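Now, the feature entries from TrEMBL:
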- A:Arg134, A:158-161, A:239-241, A:Gln245, A:303-306, A:Arg492, A:503-504: substrate binding site (BINDING)
- A:Glu154, A:Lys342, A:404-413, A:Tyr415, A:437-440, A:Glu465, A:Lys494, A:Glu500: ATP binding site (BINDING)
- A:Glu154, A:Asn156, A:Glu408: Mg(2+) binding site (BINDING)
- A:229-339: domain 'Glutathione synthase substrate-binding' (DOMAIN)
2 protein chains.
Amino acid sequence: MADSVYSNYPPHLNPAQKEFLVRTIKDWTVQHGLMIRPASTFISKESDPQGVVATSAPVTLFPSPFPKSCFEEAQALQTVYNRLYAAITCDEQWIGDIMEDLIDVDDFISHLWKVHLAVKEEGYAQSLSLGLYRSDYMPHVPSASTPPSLKQVEFNTISSSFGGLSCLVASLHTELLNSPPGHPIAYPSHPLLDSNQPPENTSVETLSAGLAAAHTAYGASKSSPALPTCILFVVQENERNVFDQLALSRQLTKVHKVPVFRLLSSEVFDHTHIPVSNPSRPLIYRPPHADGVEFEVTTVYLRCFYTPTDYKSERDWEARTHLERSAAIKCPTVLNQLAGCKVVQQVLAEDNGPDHLAKFLAGTDPTTIARLRATFAPQHDLSSSGRGRELALNPATAANHVLKPQREGGGNNIYKEAIPEFLRSLPETEWKRWILMELIQPPAEAQNVALRPDGEVLSGHVIGELGIYGTILWDQAGGKVLHNEQGGWLMRTKAKDVNEGGVATGFSSLDSVVLY
Amino acid sequence: MADSVYSNYPPHLNPAQKEFLVRTIKDWTVQHGLMIRPASTFISKESDPQGVVATSAPVTLFPSPFPKSCFEEAQALQTVYNRLYAAITCDEQWIGDIMEDLIDVDDFISHLWKVHLAVKEEGYAQSLSLGLYRSDYMPHVPSASTPPSLKQVEFNTISSSFGGLSCLVASLHTELLNSPPGHPIAYPSHPLLDSNQPPENTSVETLSAGLAAAHTAYGASKSSPALPTCILFVVQENERNVFDQLALSRQLTKVHKVPVFRLLSSEVFDHTHIPVSNPSRPLIYRPPHADGVEFEVTTVYLRCFYTPTDYKSERDWEARTHLERSAAIKCPTVLNQLAGCKVVQQVLAEDNGPDHLAKFLAGTDPTTIARLRATFAPQHDLSSSGRGRELALNPATAANHVLKPQREGGGNNIYKEAIPEFLRSLPETEWKRWILMELIQPPAEAQNVALRPDGEVLSGHVIGELGIYGTILWDQAGGKVLHNEQGGWLMRTKAKDVNEGGVATGFSSLDSVVLY
């Protein structure tokens, strides 16, 4: 079934059709802010010394087909996944046991853990914790005769990106499907496109509502006299994906009427402080552009600090600690970030040993837990006793696997036949930094056409990855959930011979879906 | 009074304030499509061979002060101006008499007039005519003690631009004035900015509603069998100001549900035709991207053909004639375009001779006519008998004047002391191509800061020009008015030592106003 859907999709474009679609999309992206800042390899610093030009985000010309059952299952499970990761984050002991093994070999995880321990020793000033998550999936189609099943690629607990742009891609494809009004001809006719459209995509609304819920839950200023409150987006320098983030701050400002400021991670100490005299440890932000004005930060939203390169020196670790020990609600806390390590997914997926899911989702009906468990792809650590090592070192079995590092961010996976040689190039003591995961087999015939940020148009076989956004606000002390929502999604599509999926790095494209 | 408003405005920016404002505006423009395609002198074709990057439209950092009385007077007079220019266009004889003198010396006007005569001979197939106008003004402040009065700079009857972007600049400044919500600090505090904001700007709604009114008035398809109908935007190649135009087509598509297509003026004959067999002469558009599909064009909206360089060969004149003779409603017709010649403004402004205003605005109350007349700056032709020649050739009086060519488009004016020498370089027979206009004296102390499309930030003394948009749909046969509206405005601000006002050419910036 799946194969027959993909084999003649997308419809063929003659040169005039392609020219029309590409030009229309190039203009639409600018008009609607579906943009990124260009890479310096495309528009050099010399060409644009003031950094004023922008370019189209990478987008597909067509929405991609996606199995309706898988899409709906992913949406249905999101609030359960939210609860699962909140519950894991509440179980510091459990996370600590898992991290223990990694601390010796993974500097990054070790550093994060130390931040947690330091703040724990002083005592956390804020027990509320906010998660803005994205659970990424592929439809798994091992053979033409089996119906597609939903398999999780990864679960992101920090800096889950593209929610600000993914809804725009859905709008773009929806408009093309209906253009011009009454007599749609922007796309060549195709059974999958005729009277079909991408499902509603509320990514901006959902993610912003999560941040707004935290802002409200923070309550009154803890300063005396009381200060106005704000949300602080802590961001990377030279962020090319800035318009994705600004979509959330615009929604917070316009709809929720919440002040939002952006602060470079390198300038945390320049513009924020925690008054020594105030035991509540409010985080005070002083906007550099307004002398003498102070805001109290209710919520720190991290769009940085998720990758080792975000910590250039000890000062950056101190900045992270400074935010962590403040009374601001963190999105995420260090513990919640650690809960997103691949090793956690791998431990959850283990099919022998304790039933972690049942424990963390106590009170959830077993059928739902089983459905969630069914989204796990088989995955293994590389301990000397386990099956993982055997599967990874044998070229025949390695061919069906991907080797993933613990941390977020993309760009570091090792695929298939490259795995044995890669592992042998590392000391065995470092192997535990990696997780071996059985490759998900997405529809083999899927194709699409993509407009790249440099204006090139590429077409060919592709692999699509669906992300579902969810937000949860909970109390670490006791685990009470104050807000738990799912809403909005991301389709990312990459050329099949490209193994990585980080859109901002230019390998893959933002897409949307038509369900079948 | 005016001087005291301008003398301490805008508020001073320290480096951190300036950095914040510039960065915020650079991002805002991208997020909201307040963009243009970059000039090739900024981003070369080699850097961006596919033409995918875009850059911020030139915008001021602050809204400019503008006298409230002048702003309101300009709005109040717009529907009267609409009627005036519709009435002029209905009086072919009157226009012909004025053009007669110019036909020998002005190739462009001569060509336009010939198009009209050719179509007239065959008989016009469409008696409805649509105007999308912009009347441009300055506040005239000859001395500090006189209250500002409203003076018209020019009246645009073809390709009146920037309505799609000017409302965005008003939104930008409004957001900055209110940012962050509840505790505005984006701008330094200033009496003119505190609890003040730009007036509502409905330029997109107004201009699109005009086009939609024409589309509806066209009525049913004149083809057999009936075809679906559409509006056709006929545009220039390599249009850098494309997002201005797309704002109107988006509104037409989304709100009015009218199909809109864009067609290069050079491709009119490739994709449109008038069936010889159909005496109604419907204009049929065949989208190149949809084989076998045909639309009937209800309304031709010209964003080209307003300047001689738009007619590269006889074929372009034939294309204009082809559109003119079709049954599509033209925005504008050739006659309506000719009514926008500077000589018409000059004849209307003549203070001896027949009272043209009273004739064209018959039935309008004399006070309103007097108010409209009060917006005229003194202007003269350069005929041997008139005062104009004397004023232009004397350096002392020339210093208070500008010399304008008949046609639209900007970029061709001669200013002040340069006038006598310029005229003497031309054969006297060509002098009638020019109109001498007394310089309007805008507030001398006005200043602002502008972000240029290449990212440079300039500040200094400026001259601002307010444009008011209006639309009118009327029947040439009898002059009955079917739709007459004003709405939306444009503030353009140029550096004071730059004498020209075409924003797209990079000399001036899009602005908004705070009224005082």
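Every residue gets a Cβ built from N, Cα and C, even glycine.
Unlike curated records, TrEMBL annotations are generated automatically.
Since this is a predicted model, take the numbers as computed values, not measurements.
Known features from TrEMBL, placed on the structure.
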residue	record	Cβ contacts under 8 Å, 6 or more apart
A:Arg134	substrate binding site	A:Phe155, A:Asn156, A:Ser160, A:Ser161, A:Gly163, A:Gly467, A:Ile468, A:Tyr469, A:Gly470, A:Leu490
A:Gln245	substrate binding site	A:Gly164, A:Phe233, A:Val235, A:Glu239, A:Arg262, A:Arg303
A:Pro405	ATP binding site	A:Lys342, A:Asn412, A:Asn413, A:Arg433, A:Trp434, A:Ile435
A:Leu439	ATP binding site	A:Ala377, A:Asn400, A:His401, A:Val402, A:Tyr415, A:Lys416
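Geometry remark: A:Cys304 (substrate binding site) versus A:Lys494 (ATP binding site), CA distance 24 Å. In this model, the domain 'Glutathione synthase substrate-binding' (A:229-339) carries an average pLDDT of 98. Under the DSSP three-state reduction, A:Gln245 (substrate binding site) is assigned to helix.
In three-state terms derived from DSSP, A:Arg240 (substrate binding site) belongs to neither a helical nor a strand segment and is classed as coil. Across the fold, the C-alpha of A:Glu154 (ATP binding site) and the C-alpha of A:Tyr306 (substrate binding site) stand 15 Å from each other.
Listed binding-site residues: A:Tyr306, A:Tyr415; maximum Cβ neighbour count within 10 Å falls on A:Tyr306. In the three-state DSSP classification, A:Leu439 (ATP binding site) falls within coil. DSSP classifies A:Ser161 (substrate binding site) as coil under the three-state reduction.
Counting every protein chain shown, 22 other Cβ atoms lie within 10 Å of the Cβ of A:Lys494 (ATP binding site).
For the domain 'Glutathione synthase substrate-binding' (A:229-339), the number of residues in each DSSP class (helix H, G, I; strand E, B; coil) is 41 helix, 29 strand, 41 coil.
A gap of 19 Å separates the Cα atoms of A:Arg240 (substrate binding site) and A:Lys494 (ATP binding site).
In this structure the C-alpha atoms belonging to A:Ser159 (substrate binding site) and A:Lys494 (ATP binding site) are separated by 21 Å. Residue density at A:Asn156 (Mg(2+) binding site): 23 other Cβ atoms are found within 10 A of its Cβ, drawing on all protein chains shown. Secondary structure at A:Pro405 (ATP binding site), taken from DSSP and collapsed to helix, strand or coil, is strand. Ranked by how many other Cβ atoms sit within 10 Å of their Cβ, the binding-site residues A:Ser159, A:Ser161 place A:Ser161 at the bottom.
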